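Copied from Swiss-Prot, the annotated features are:
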BINDING   99, 101, 103, 105, 110  Ca(2+) 1 binding site
BINDING   188, 190, 192, 199  Ca(2+) 2 binding site
BINDING   229, 231, 233, 235, 240  Ca(2+) 3 binding site
BINDING   265, 267, 269, 271, 276  Ca(2+) 4 binding site
DOMAIN    50-85  domain 'EF-hand 1'
DOMAIN    144-173  domain 'EF-hand 3'
DOMAIN    175-210  domain 'EF-hand 4'
DOMAIN    226-251  domain 'EF-hand 5'
SIGNAL    1-22  signal peptide
C-alpha cells in the first residue's frame, strides 16, 4: 500500500485527478506547496533577505556549468534530484515508524502492527462473504505480495533499501515486473494480458441521459490514446503499462522545466538568470524545482558548504 505522502506527491507531479499529463497542475495553497503548516509558518517568519539568500544558493547549485544561467537540462536534472531526495527522506521517516524494535529491519509483523494495530493473516484461497471484508482481504494480500517481492534476499525482513522498494516500487528496477503484474491483476478483466480502453476507464458507463462524456473521461481517453498506447492498437501491453503505472520521472521533470522557462524567461533566450527567478520568486517556490518550497527548510539543499 502506497503511503499517503507518496500518493500526494504523485498527484502533484501528474497534475491530480482528471488532469492531462501535458497540462500543468492548478495552483495549490501555501500549506500544500510548502509541505505543511509548520513549513508555512517557518517560511513566513524569514526575512525577505533570508528568503532570497537561501534561494540564491539553490540557484547556484542548479547551475552546473556556473555560467550564471539555468537551462532546461539543468532544471530538469535538479527536479529529478529533488524528487529522488524527497522519496528517500519519506522512506526514512516511514522506516522509523515501522521498525518497532529498532533492529534496522522491518518484519511483516511490524508492518501489520503499524498499519492495522495487529497482525493479520488471511487465507489466500478463501473468499469472504462480506464484501467489505473481502475487499480488505484482497488489499492486504496485495501488500503481502509486494512485501515478499521487495524482500530481495528472502530473509523475511526488509532492510532500508528493500523497504524503500516496497514503499516506492516505481524507483526500484527489480520491482517493475511485479508492478506490471499487479496492474494487470487489477485492470485486465478479460485476462488477455492487455488493458483495453474500457478496462482503463474502470466502471465508467455514460449516463443514458447525457449527451456527451464528462470532461475527465475525455481527458483520460486522450491520455490512453496519445500518451500510453504507443503502437495505437487500442490496448496497453505490459511494456506500455509502465508509462501509466510507473511514470517516467525524467519526462515529468522535463515538463516542469519547460513550464518554468515558459513562465519565467523574460528575455526569450530559453534560460533563466538569477534576476528572472527572483522576479518570479513565488512561481519558482511553488514548483518541483524547490520541492514546493521544502528545500528552503532543508540545510542539505541551501547550506553553502554542501
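Heads up, the Cβ atoms here are built off N, Cα and C, so glycines get one too.
Predicted, not measured: the structure shown is a model, and the values here were computed from it.
Contact check: the domain 'EF-hand 4' (175-210) against the domain 'EF-hand 1' (50-85) gives fewer than three Cβ pairs closer than 8 Å, residues 6 or more apart, which falls short of the contact criterion. Remote same-chain residues near the domain 'EF-hand 3' (144-173) are listed as 2-3, 6, 84, 87-88, 90-92, 94-95, 98, 104-108, 111, 179, 182, 245-247 (criterion: CB distance under 8 Å, separation of at least six residues from the stretch ends). Averaged across the domain 'EF-hand 3' (144-173), pLDDT in this predicted model comes to 94. Of the listed binding-site residues, namely 192, 229, the sparsest CB environment within 10 A is found at 192.
Of all the binding-site residues listed (190, 199, 265, 276), 276 sits in the most crowded Cβ setting, with the most other Cβ atoms within 10 Å. With DSSP states grouped into helix (H, G, I), strand (E, B) and coil, the domain 'EF-hand 4' (175-210) comes out at 18 helix, 2 strand, 16 coil. Taking the Cβ of residue 110 (Ca(2+) 1 binding site) as centre and 10 Å as the limit, one finds 19 other Cβ atoms among all the protein chains shown. Residue counts of the domain 'EF-hand 5' (226-251) by helix, strand and coil are 14 helix, 2 strand, 10 coil (DSSP-based). Sorting the domain 'EF-hand 1' (50-85) by DSSP state (H, G, I as helix; E, B as strand; all else coil) yields 27 helix, 2 strand, 7 coil. For the pair formed by residue 105 (Ca(2+) 1 binding site) and residue 271 (Ca(2+) 4 binding site), distance between Cα atoms is given as 45 Å, rounded to the nearest Å. Closest to residue 229 (Ca(2+) 3 binding site) by Cα-Cα distance, out of the binding-site residues 103, 188, 190, is 188.
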